Each structure stands twice: as structure tokens, then as C-alpha cells.
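Taken straight from Swiss-Prot:
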COMPBIAS  259-272  compositional bias 'Basic and acidic residues'
COMPBIAS  273-290  compositional bias 'Basic residues'
COMPBIAS  291-305  compositional bias 'Basic and acidic residues'
COMPBIAS  323-335  compositional bias 'Basic residues'
COMPBIAS  345-360  compositional bias 'Basic residues'
COMPBIAS  370-382  compositional bias 'Basic residues'
COMPBIAS  383-421  compositional bias 'Basic and acidic residues'
DOMAIN    10-91  domain 'RRM 1'
DOMAIN    163-240  domain 'RRM 2'
REGION    258-452  region 'Disordered'
């Protein structure tokens, strides 16, 4: 086994456990964090006495990261006590006898620095006492040593400060969750982170980050100048501890538990009174009557408180419903406006398209009519010479016909005139006697055939 594996803390010390909690309770509570190799609960069942007030437990996990996560369960109420979860630096769970003989306590424990990290008091030049923390790992890695603290600083605060680093040169307005995720991912398990924007004149923000393990401080210091949102981070030792929210005390946790138990007991009493038959009821004694009156007063007080709580809860629910209703109405109105605007835009767009189409159709009709008119004009121009020629031909033909008819009439007249003249001559001449046919010249050389 290497030295690095030896330094890994895999054992969790759980203190301030209620005596009513069993081993199964503790196992089921921490088993979901990771695989448990071993679990010891002290004092054991055979060693619990009437003077035993609390229990303590040691849990060995298979993975050291489970120890880091389990520390966030500190102040979780189990039965009637708020538990405290701390890493146990030794590699082996102590047995019960050696644990109690060495002064081990079952009450709320206190976190300790790793064994190789030591504190010592040293006087400064001006005579004041300072607390110096020596970590050999920082020296080996060439990292700056822990800054000195006042000698009267509480040991618990010293341990917290030595697990905390200062982070500077953060962008203004940066989200704290982003810083938390960054350090969790690259440097180590973070227990707390506190953001500070600083004065307006300061060009950057800063933060304090507290790790679950002191060894994570070395990882963070080695990454001084880490690039985050195009800015080099300034990572240094912190001189102060993070101011944390007030933890719930045992008295507060116990008061809440007693209130819950009393409410449950009152409910059981009411159920028992309803189920009790009239025959089993007895006349109460004066003492019982006083106790009954006290219980009635307690019940009335509890009922009033419960009614008040329910009333406040109903008021909150009504307010929440009103807000949701207003939000829904606003969303509906917004959607309605959006739909109307969208419909108007669509209608305008359709109208524009219709008008555009109508204009296009009109243009096309106009162009078509213009083309038709031009075509007709061309046709009329091309047909007019033919018409003129036809008309002239008809006139010429008519004239020829008229000329022919007039000429025919003239010829007929001439012919008739010739005939009349030939008939007159025929009568004056004697008839031939020889029976021969003679040719006679008649006007203009026409030949006429005559028979006997």
C-alpha cells in the first residue's frame, strides 16, 4: 500500500447519536452514500447502562469520497438528537475499550487537523504571541505557508480557517453556484462557499471557499491563476473563517420532536375515546377530572395552534392560487393578444396577396386585350388590299359583262337589220329554173345555203 493511499480518510466518526437509534437505523441512513465495509456502534448493546446518554459510531466506507459527502449530514436529527459527522484520521476503527479508555466521548465531537499538520505558539518581534500552523506538504510542494493567527484563536476556528481559501479576481455578478461547481470539480469537496461583491469601486468580486478536507487546500493553491471566464483567479490562504448559518441546537431539535410526539399522542387519545364503549366509561375521580381538564386545555391549545397553522397555510395557498390565477390570466391575455396580432398580420398579408394577384390579373387582361387589338389591327390592315382587289375585279367583271351584253345587243340588232334587207332583195330576184343552187353574195360577204 502506497503512502498516498494511507493518507486517504475512509472512516467517518458519527457522534451524538440517540440511545434509541439501533445499528440498522445508522446503517440504512449512511448506506445510500456508498458501500460500507465496516460499522461499529459504541457502547454496544450489552454495555448500555442507565447512565448511558448517547451513542457513537464508526463507519468505514469503500471510497474516501463518501466520507466527504457524509459530513454534510451534520445537524441531521435522528430520533431526538442532531448528529455530528467528522472524518476519523486513523486507518483502523478503534475497539470499544480502547476508545473509551483514551478519553473518547459520545457527545458532539470537534474536527481535528490531520496528524501531520501541527500548531505551535511563537512570539513575534513586537512581543505578541502568534499561532503558527506547520504543514510539511506545503513545504514539499513549494507553496506558501499558512499565515499566522492570534494565539488566543479558538482551536475549532483554527481548524476551519486552515481548510478555507480566499478566491479573488472573480467577475462582478458571477453566480455563486458556478464557483461552487468549479471548485467541487477541480480542487476538492466544498463544504461552504461565501460570495462577496465588495464596494462598487472594486473592479472584481471575491469569495471564501471552505473544503471538507484540509488536503484540498494544497490542490487549490497549486492552481493559483486558474482561468475562469477569461480571468485568472487569485487563490490564497484565508485569514478568517466563513460565517455560517446558525446550527440547530439539541434543545431546539428536542422541542420539535416533543411537539410532534405530543400531537401524535393527542391523536391517539382521540381515537381511543371514540372507540371506547359507554359501558366501559367510569365516573372520573377528582384527580382524573383535574388531569382531564389539563389535557383538555392542552388539546384546546393544540387545536387552536393547529387551526391557526391551517388557517395560515390556507391563506398562503389562497395567495398562491391568486398569484397563479393572475399569472394564468396574464398568460392567456398575452396569448390572446399574440393570436389576434398574428391573425391581423395574416389577414393583412392575405389581403395584400389578393390585391397583388388581382392587380396581376388585371395587368394580364389589359396586356391580352392590347395584344388582341394590335393583332386585329394587323389583320385588318393585311385584309384591306385583298378587299380592294376583289372589289376592283368585281367592277371590271361587271363592266365586261355590260360590254358583252351591249355588244351582243348591237350584233343582234345588226343581224336583224341585215336579215330584213336580205328578205327584200330575195323577193325581187327570179327563182332559178335549172334546179341548181347558186351562191349569191348578200351584204358583207355572208353565205346562205338554199335548197330547191
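Glycine too: its Cβ is placed from the backbone N, Cα and C atoms.
Predicted, not measured: the structure shown is a model, and the values here were computed from it.
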**Item:** Counts by DSSP class (helix H/G/I, strand E/B, coil) across the compositional bias 'Basic residues' (323-335)
**Value:** 13 helix, 0 strand, 0 coil
**Item:** Counts of helix, strand and coil residues, the domain 'RRM 2' (163-240), according to DSSP
**Value:** 19 helix, 29 strand, 30 coil
**Complete:** Model confidence over the domain 'RRM 2' (163-240), as mean pLDDT, sits at 90
**Item:** Residues of the domain 'RRM 1' (10-91) by DSSP state, where helix covers H, G and I
**Value:** 22 helix, 32 strand, 28 coil
**Request:** Taking helix as H, G and I and strand as E and B in DSSP, count the residues of the compositional bias 'Basic residues' (345-360) in helix, strand and coil.
**Result:** 16 helix, 0 strand, 0 coil
